[in-house]
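Just below is one structure, and these are the notes that go with it.
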Amino acid sequence: MAKTPMRVAVTGAAGQICYSLLFRIANGDMLGKDQPVILQLLEIPNEKAQKALQGVMMEIDDCAFPLLAGMTAHADPMTAFKDADVALLVGARPRGPGMERKDLLEANAQIFTVQGKAIDAVASRNIKVLVVGNPANTNAYIAMKSAPSLPAKNFTAMLRLDHNRALSQIAAKTGKPVSSIEKLFVWGNHSPTMYADYRYAQIDGASVKDMINDDAWNRDTFLPTVGKRGAAIIDARGVSSAASAANAAIDHIHDWVLGTAGKWTTMGIPSDGSYGIPEGVIFGFPVTTENGEYKIVQGLSIDAFSQERINVTLNELLEEQNGVQHLLG
């Protein structure tokens, strides 16, 4: 019996990240190889963006994906999010030359307020929302606060890129395959302040911390490399990391919908007060997922260094959150 198609709304659909993302969604990489999808693609209502979106859709058509059950272009969030089961909020205002962080937060607050309200009004009540557009945690917070009729837990931010970056650095350091690393995760904000934590990580049952056994490497090499990886890629390629961000978005939704089979991963989610993170702050936590629900991994001890790092990333998030509070009505 063929499954009912799932409606996937994607914003910023003519942008760089989506050029890597949409083809993989249509190919079944995100929701499974037996799950048909309908793509509902939102772009800003200017002629150039809408024309570019038509071009992307022509290419998607030309792939003749068996799982693609439909595809529509939109300039209005109210139609783009109609009955959506999954929403990937990729489009965001990038930081322009001479733009203060405060200006960036305000510009994005407008976008994510409008989108949050539209999701609240027309999307499926079980919608799963992932915010990719930066500042992702705070944009997710704005969307969540703009959708009061939906459960807060439906709104998440992408920490999976930091998580995957951390995995690849640990694999390189230990000489072990990425697939053998378990119980690694990331705390906090998707920003250079994030704290990738391998104190509990294991490779084939052995402790990664004991294998590496180098606090200076953790502090001076590993954490800065993961935290500043985005900047390093811009420096090398001249453009921001789009394909790896798209891949992380696929991973995040895949694991949320299809489950992690007991394995730990990282999601930016509204805090329930765990680990002293104030309730409602969108924060990176170690989670497991099952039957479309995520659960924070509990009972981990936090040493002094970890607490210090968690406090830094939390304070940054609280500052961002306070900076947009007046825009949330």
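Just so it is clear, glycine is given a Cβ too, placed from its N, Cα and C backbone atoms.
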Task: Given Swiss-Prot lists Gly12, Ala13, Ala14, Gly15, Gln16, Ile17, Cys18, Gln115, Val132, Gly133, Asn134 for NAD(+), the same-site residue among Asn27, Asn108 - done: Asn108
Open item on the list: Are there recorded positions among Gly12, Ala14, Gln16, Cys18, Gln115, His190 that sit within 10 Å of Asn134 (substrate binding site), Cα to Cα? If so, list them; otherwise say none.
Closed with: His190
Task: Cα-Cα distance linking Arg95 (substrate binding site) and Gln115 (NAD(+) binding site), given in Å to the nearest integer - done: 20
Open item on the list: Based on the record's binding annotation for substrate (Arg95, Arg101, Asn134, Arg165), what whole-number value in Å is the widest Cα to Cα distance?
Closed with: 24
Task: Other CB atoms within 10 A, centred on Ala14 (NAD(+) binding site) - done: 23
